[in-house]
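Comments concern the structure below.
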């Protein structure tokens with residue numbers, strides 16, 4: 001950290017009225033492009049319109065103008081999110097059984113959608129308990145509302161209205177900061193100020209505000225609900241906030257006010273700031289006093305972090321200095337030049353953020369079941385499965401997006417003159433070694449992981465179970481994972497002496513937690529089957545990374561096409577007369593990476609779904625625990641045939657037999673999504689010329705009848721066809737999985 005003489009204060013950097021508001025301009029499709037603004041001559045126009053509408057790089061090369069468009073679009077995105085959230089809360093207020101669910105969250109299922117009887121589809125309104133007919137939802141919103149202290153539908157209405165007000169504010173802000181007071185480029189590039197405000201403001205004060213809400217509103221309300229007090233008898237939130245005596249009745253330290261805080265006698269507050277670990281046995285969720293403690297600690301950390309970077313006062317860190325000082329003995333110029341990349345290429349910035357955000361989303365997926373944060377979330381198996389699946393899919397898409405934008409950065413924004421012998425340059429220069437080694441790793445993982453499975457299938461087929469890899473024959477125990485589990489399970493009383501229980505029940509060493517006769521969470525034993533599946537995970541993830549990384553590292557040039565950078569981010573082939581140069585653009589690598597991402601995530605969510613049904617989820621009685629699939633994972637998941645027979649086929653019976661029941665929509669979606677998936681193959685396995693010939697024949701027939709269209713029909717380009725193909729492939733696959741999972745888990749869970 002360096003202290004300098006104070007630098008001149010940062011001036012307010014905006015341009016006033018830079019772009020006039022014009023409805024005439026907005027009403028003209030393609031107004032952002034000279035070519036598109038002329039209007040359509042062929043059907044390709046509508047595809048190009050969609051491809052380029054948000055590709056601000058193609059509208060202008062002025063970085064300031066691009067930055068303003070992105071900034072303004074973010075406000076539009078926030079407005080959409082607020083409207084969507086408002087709709088969720090409105091459904092909770094108007095069409096849901098939330099108040100009934102609050103009274104008996106174990107036996108009544110959450111529902112916030114009632115189907116109107118138009119052509120007999122009111123069959124979809126299943127009996128969710130508590131005298132309510134509707135569609136069972138698996139979003140986890142009821143549990144979140146309960147955890148935040150919402151007890152009435154009026155509160156949900158009010159929040160929904162608040163969401164619409166915020167949406168209006170965001171729409172106004174998007175217009176204002178583009179048309180009235182648009183920030184200058186220097187403002188977008190002022191990273192220290194941005195870090196300070198985002199860290200201290202968004203994350204720090206955001207967490208502090210949430211901790212405050214949890215202490216003064218959520219905690220007393222949840223405490224009373226847990227004790228069995230009727231929601232209608234509980235004081236309203238503002239009464240707890242304004243009347244300290246109400247809180248002091250539940251938490252005696254409130255009577256002392258802020259005295260313990262200023263006298264540093266903080267232990268006084270340990271009645272509502274705890275470090276217990278484990279789960280609340282009443283709700284099956286994390287202890288609310290633990291999560292309050294967590295948010296308070298996070299707030300302190302981030303508020304401190306938000307004072308670390310040098311702005312007007314000449315004190316603190318400079319990102320440029322930190323990066324340029326970051327040199328090792330083996331890495332040349334180290335991070336020199338990276339500051340310039342991240343302040344002039346928003347694609348590079350976005351790639352980094354997407355990679356981190358995607359990884360974080362997958363980490364969230366794993367914590368949502370192992371440390372369920374909301375009351376009664378853990379016993380709502382449909383919601384648990386949905387949340388895990390959702391967060392892993394989101395993570396997968398974000399990580400592929402990171403590969404896409406990293407490649408776009410290299411094609412459009414990379415400046416070789418400023419990148420000499422720094423880390424990026426060095427990685428690009430030994431890309432052949434990186435990719436060939438990664439390729440070897442993929443081959444090794446692929447042959448060995450599938451080799452173990454094929455060995456097992458062969459032995460099983462030959463009737464030699466004693467020669468299989470399984471927990472009852474040749475064991476391949478995941479010893480490192482078991483060591484990690486045991487270390488965490490032993491931490492309370494050993495390396496974490498102040499914790500009452502381990503961070504998660506899943507580590508083992510403790511009893512399972514059951515709520516209302518349903519298992520909330522139990523230790524998760526790992527065995528040979530998990531070892532085998534784990535190596536399939538390693539294989540699919542490494543292949544996804546291989547495809548994306550090859551696309552990035554060879555985005556500008558390769559031995560095959562040395563001038564690739566001149567062809568752009570997406571191109572079908574390197575022109576006529578150069579056979580074997582198709583499917584080499586950076587875009588094609590993203591296209592191929594998406595399929596492997598789909599492979600990766602599918603295996604992950606199948607593993608999770610079956611493992612939980614087999615070893616965790618179930619009911620508790622005097623005779624012990626009865627799991628949904630009776631612990632069949634350890635034997636079934638050791639062969640490919642077992643996955644097909646004992647998981648896919650055995651668990652598809654609910655969705656296949658759903659006709660005539662309230663789950664029949666899932667049966668239709670299962671069928672329809674299979675069709676959407678199959679439809680994608682028509683685009684993926686077909687050549688452009690085939691369709692062009694067909695179109696010309698059809699156009700000839702129209703000309704004969706004198707009904708020829710003014711806009712000339714054209715076949716999709718190769719890239720457009722692939723984009724349509726991969727979109728339907730993923731959409732069909734995801735919707736099929738969704739219907740399969742939900743029909744199954746709502747039936748048996």
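For all residues, glycine too, the Cβ spot is worked out from N, Cα and C.
For 70-93 (among others), the entry in Swiss-Prot reads transmembrane segment, with the evidence type sequence analysis.
Taking Cβ pairs closer than 8 Å, the transmembrane segment (156-179) reaches residues 17-21, 68-69, 71-76, 78-80, 82-83, 85-87, 89-90, 92-94, 98, 145, 150 in its own chain, all 6 or more past its ends. What Swiss-Prot lists as transmembrane segment is 156-179 (among others), and the listing cites sequence analysis.
Among residues of the same chain six or more beyond the transmembrane segment (195-219), those with a C-beta under 8 A of the stretch's C-beta atoms are 147-149, 237, 240-241, 247, 250-251, 272, 288-289, 291-292, 295-296, 298-303, 305-309, 311, 319. What Swiss-Prot lists as transmembrane segment is 195-219 (among others).
If you look up Swiss-Prot, you'll see 291-309 (among others) marked as transmembrane segment.
Residues 66-67, 70, 377-378, 384, 387-388, 390-392, 394-399, 401-406, 408-409, 412-413, 521, 608, 612 of the same chain, all 6+ positions outside the transmembrane segment (346-369), place their C-beta atoms under 8 angstroms from a C-beta of that stretch. Annotation source Swiss-Prot lists transmembrane segment at 346-369 (among others), citing sequence analysis.
Look at Swiss-Prot and you will find 385-411 (among others) tagged as transmembrane segment, backed by sequence analysis.
Residues or ranges marked as transmembrane segment in Swiss-Prot (evidence: sequence analysis): 433-455 (among others).
For 531-549 (among others), the entry in Swiss-Prot reads transmembrane segment, with the evidence type sequence analysis.
Same-chain residues at least 6 positions away in sequence with a Cβ under 8 Å from that of residue 573 ([4Fe-4S] cluster binding site) are, in sequence order, 581, 582, 584. Positions annotated as [4Fe-4S] cluster binding site by Swiss-Prot, on the basis of sequence analysis: 573, 582.
Sequence-distant contacts of the transmembrane segment (589-610) (same chain, six or more residues past either end, CB-CB distance under 8 Å): 369, 385, 388-389, 392-393, 395-397, 399-400, 403-404, 407, 530, 533, 536-537, 540-541, 543-544, 547-548, 550-552, 583, 629, 633, 636-637, 643, 647-648, 651, 722-723, 726, 729-730, 733, 737, 741, 745. According to Swiss-Prot, the feature transmembrane segment maps to 589-610 (among others).
Here Swiss-Prot flags 663-685 (among others) as transmembrane segment. Same-chain residues lying 6 or more positions outside the transmembrane segment (663-685) and placing a CB less than 8 Å from one of its CB atoms are 121, 123-124, 126, 135, 654-657, 716, 721-722, 724-729, 731-736, 738-740, 742-743, 746-747.
Taken from Swiss-Prot, the feature chlorophyll a' binding site applies to 674, supported by sequence analysis. Following the DSSP three-state reduction, the secondary structure of residue 674 (chlorophyll a' binding site) is helix.
As annotated by Swiss-Prot, chlorophyll a binding site applies to 682, 690, with the evidence given as sequence analysis. In sequence order, no residues are near residue 690 (chlorophyll a binding site), counting only same-chain partners six or more apart with C-beta under 8 A. According to its DSSP assignment, residue 690 (chlorophyll a binding site) is helical.
Annotation source Swiss-Prot lists phylloquinone binding site at 691, citing sequence analysis. Taking Cβ-Cβ distances under 8 Å and a sequence gap of 6 or more within the same chain, the neighbours of residue 691 (phylloquinone binding site) are 715, 716.
The transmembrane segment annotation in Swiss-Prot covers 723-743 (among others) and rests on sequence analysis. Beyond the ends of the transmembrane segment (723-743), by six or more residues, the same chain brings 138, 382, 385-386, 389, 393, 591, 594-595, 598, 602, 605, 609, 651-652, 654-655, 658, 663, 666-667, 669-670, 672-684, 716 to within a C-beta distance below 8 angstroms of the stretch.
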DSSP state at residue 573 ([4Fe-4S] cluster binding site), helix/strand/coil: coil
Cβ neighbours of residue 682 (chlorophyll a binding site) where a neighbour is any other Cβ within 10 Å: 13
Close in space, distant in sequence - residue 674 (chlorophyll a' binding site), Cβ under 8 Å, 6 or more apart: 732, 736
